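Student: Okay, these came from TrEMBL:
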type	residues	note
TRANSMEM	35-53	transmembrane segment
TRANSMEM	59-84	transmembrane segment
TRANSMEM	91-115	transmembrane segment
TRANSMEM	121-141	transmembrane segment
TRANSMEM	153-175	transmembrane segment
TRANSMEM	181-202	transmembrane segment
Amino acid sequence: MLSAEAARNIVGIVGNPTFYRIIKSKAVEEFEPDPYLATVMNCMLWVFYGLPFVHPDSILVVTINSFGLLLELIYLAIFFFYATNRGRKKIVYWLLGEIAFFAVVAVVALLAFHGTKQRSLFVGILCDIFNIIMYSSPLTIMMKVINTKSVEYMPFFLSLTNFLNGSIWTAYALIKFDIYVLVSNLLGVLSGALQLILYGCYYGSTPKKGDINVAIKPSEFQLSARSPV
């Protein structure tokens, strides 16, 4: 139970500094919704995986991922409110696609596979795939960090959460051996560690707010000067 509560607390802080900044500036700036969209799909699949008719005795998986799903939808709602029309369309299209895909997975799992062992195998593999996608979703931001030598748009708490959440669920999978939970979360530990290392390397070179020597990038000027599209 300790690991579950710790995971719940960790997930609860994901994105808060990022979305505080978005609300304060009334713009999403150069933040991307990709990690949160990936996490929504990931949480839905893990909730389904933990249901008794798919993988029995996995109530912790269901409760924590249900809580995480709720948080991610709240974050996306905030992002949607302050995004441009293009950003809003991206969120809507991705969410509709994820819901359709989840519906197909649920129907196939319940009708084509019989028994919890077969369903666990089918859904578990998909969960691992999307867990890996979730953990790797900040890769585009990591490339931006390397190119700009700035961690301004790579939220520290998101990286820290990836690392801690992966570590906790790896321990959970080892205590009560679950290969599907173990595989992707080991990769999550590695992904989170790489992000934290990157953050440590480029934090010192990140322009600080109020630095008069920092020039405004063209993309930032356009973002602040033009109307939403």
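Backbone N, Cα and C define each Cβ position, glycine as well.
Not measured: the values here are computed from a predicted model.
Describe the structural context of each listed feature in the structure shown, including burial, neighbouring residues and relevant distances.
Tutor: Only residues 6 or more beyond the boundaries of the transmembrane segment (91-115), in the same chain, are considered here, and those with a CB under 8 A from a CB of the stretch are 33, 37, 40-41, 44-45, 48, 53-54, 76, 79-80, 83, 121-123, 126.
Same-chain residues lying 6+ beyond the ends of the transmembrane segment (181-202) with a Cβ under 8 Å from its Cβ atoms: 61, 127-129, 131-132, 134-136, 138, 142, 145-146, 149-151, 154, 156, 159-167, 169-170, 172-174.
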